[in-house]
Amino acid sequence: MNLHEYQAKALFAEYGLPVSEGYACDTPQEAVEAAGRIGGNMWVVKCQVHAGGRGKAGGVKVTGDKEEIRAFAEKWLGKNLVTYQTDENGQPVAKILVESCTDIANELYLGAVVDRATRRVVFMASTEGGVEIEKVAEETPELIHKAIIDPIAGPQPFQARDLGFKLGLNPTQMKQFTKIFMGLAQMFLDHDFALLEINPLVITTEGNLHCLDGKIGVDGNALFRQPKIKDMHDPSQDDAREAHAAKFELNYVALDGNVGCMVNGAGLAMGTMDIVNLHGGKPANFLDVGGGATKERVSEAFKIILSDSNVKAVLVNIFGGIVRCDMIAEGIIGAVKEVGVKVPVVVRLEGTNAELGAKVLAESGLDIIAAKSLTDAAQQVVKAAEGK
């Protein structure tokens, strides 16, 4: 689960980190009034969406005119912002963040992730702030400095000082950086974050460190013990199909291919996508129906898959372990009849009562292609998607 910038900065402020005075606004009038409360003669207005690249897409504006703030809010509120990180439809803008303007002397990067290789929280800092860190990692990886947080000892001030020296900070900035580092590390651990970024972490013209942006990703599996964070969820930013799938405990991720995939088990689902790709097809989705492939869940899975107009064929790959294949076959037949599937459906069943399941499918009278193996299933569905 991701948080908006204004939500991230509210958390930063709770931990005593330096952030700009700002207000998240729902209407153009609120945005103008927010500028008045902030004071000064220059403000920054930002569209609040779960995507980067807002500035290049016109979603960020620096202005000294309150009427321009009103016009910006009128332009974007209720509209979709398309950036390089969104799909072609973009993300809906429901709030505008109005902030005081900060004079910048230099831009740095500070972030943290859960690193699966080291099984630790790893902090990263760089002098290359204000640009995509992925680009820095690819082109100049030596400019990214790391600190690994020991899960027993926790974050240590010496780690902050080590990063600060590598960033070329002066003694005053070093103290500020240490406070920011320790606060962020504690916040990361307290709230079960999976990702945290301040890009850029700026040095102002007065020589002080300031958190100019904030990006936070939370471990969705930990939300049961993070009620405060869970309440920050903005469903408008979710993919509509993924949100619908979650209601039925289906794990769905939309992709850009034309072969719909319905599988039970995440590992088998990834293997299915790989073999479809191996035989020249492009998966349209990842969809794990879980252990209980009931008629209702299979029906909803078909509806979700077929809501993607790019899908030209569907591959159902089920391993019957706890659930018998004949029961799964009956569920598939019922779902196909209920949904009215118009594209070719290839089914591969393996495991308990697999032969009986294949017989049930064959006697259904429906246009369902029963595959003999996973390779056969992949080849059949790729041909079907191509209209062969």
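Residue numbers in this text run from 1 along the chain shown.
Yeah, the Cβs are placed from backbone N, Cα and C, and that goes for glycine too.
The substrate site recorded in Swiss-Prot comprises Gly321, Ile322, Val323 together with one of Asn221, Asn251, Asn258, Asn264, namely Asn264. Counting in whole angstrom, Ile322 (substrate binding site) lies 60 from Thr102 (ATP binding site) by their C-alpha atoms. Cα of Glu99 (ATP binding site) to Cα of Asn264 (substrate binding site): a distance of 47 Å. Of all the binding-site residues listed (Asn199, Asn264), Asn199 has the fewest other CB atoms within 10 A of its CB. The two recorded residues, Lys46 (ATP binding site) and Val323 (substrate binding site), have Cα atoms 50 Å apart. Nearest by CA distance to Val323 (substrate binding site), out of the binding-site residues Gly53, Gly55, Thr102, Glu107, is Gly53.
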